[in-house]
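K.L.:
Okay, here's the structure, questions in a sec.
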């Protein structure tokens, strides 16, 4: 039995490597930007910070990322990294392809383009880190313990204390177990939600400050789910509404003005397996998406949750992340265990397709990012550069990429099909 499993693993590894080679060869036709960077340790979390600096006379802009570490047994850190993202006119073109190396000059390799600016000691791996929209210097993190930690990175040295002591600015209490879901309210400063394996969602208001020491107790604990709560998200336009999803296969919508914390305003059987993630559309107040272990992303309308609007189907394994584009109302992306990040366009649902195109996926599947060779842990849309995404995977790899403009602008590519190597062949 063990031999059979080893053989299957070797075959899978070979397939993954082969697919990666094909992907790499096709990058100049599929992307306007690809930066691949190996982190010292894998990060389970990634989020672009909202700041951008455009140095005069340079062909790049400076952006910042919030990352974490997931080490074997060494000290873990919360990390802020600075990234040089090339301007449109500096990005690579097909003429830089080095056929011997099988990769691009220009922006394929990124030595010196990504640098760690701040490293803060952290208790255990960083399950997730998210900045507060009203003050991006404040970052909340999920840890392997039940506590949620809050750091103001301006109050910490850029190099961590070698003793390894973790000293968060606040410690948020209320959970019994660890978890992943974390969401700041974009309309109410300091209001933070967290989802946990203890089946609950906790709400804190950190603007009130700690009662004693650095500890803040939960303002409310929501107990509607009957299993691990995987994710939680505030509505982006209504300050009192939020959603939660869990291993009980349910999507629940809550209103903090309600006088009960044990029963949601709405509860829907969203999927046929665990629901791992959710995201509210930033432009449309009624639309949200959920991602599931059933390999689908579901589209919902808050006005009629009994009816699933659409199911996006192409992933071959569990979906753990789903995020709407900050720039385009109809664009969302999803990723997970199958090593793929899919970008979807709602406006293409139901479009006619040739049989050949249908083999690649439904018409609403705009793009498949195939650059990762391990499970994708998290991804983030850049708020300042449309269509730029940063994704991180379990094998330490971080990629910053932007699909080719002709893909989202619906222009016909000017490459003969004979030049493109099929990803499946």
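Each residue, glycine too, has its Cβ placed from N, Cα and C.
Keep in mind that what you see is a predicted model, and the values were worked out from it rather than measured.
Per Swiss-Prot, the features are:
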- 47-122: repeat 'WD 1' (REPEAT)
- 128-173: repeat 'WD 2' (REPEAT)
- 181-217: repeat 'WD 3' (REPEAT)
- 228-269: repeat 'WD 4' (REPEAT)
- 275-312: repeat 'WD 5' (REPEAT)
- 318-369: repeat 'WD 6' (REPEAT)
- 376-403: repeat 'WD 7' (REPEAT)
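Map these features onto the structure and tell me what's around them.
P.N.:
Averaged over the repeat 'WD 1' (47-122), the predicted model has a pLDDT of 81.
Across the range of the repeat 'WD 3' (181-217), the DSSP-based residue counts are 3 helix, 17 strand, 17 coil.
Outside the repeat 'WD 7' (376-403) by six or more residues, the chain places 30-48, 50, 52, 61, 63, 65, 67, 83, 85, 114, 128, 320-321, 323, 325-328, 333, 335-336, 339-341, 343, 366-367, 369 with a CB less than 8 A from a CB of the stretch.
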K.L.:
Going along the chain, which residues at least six beyond the ends of the repeat 'WD 5' (275-312) come within the CB cut-off of under 8 Å?
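P.N.:
Distal contacts: 230-238, 243-247, 249-251, 253, 266, 268, 318-324, 326, 329, 332, 334, 336, 342, 344, 346, 349, 362, 364-365.
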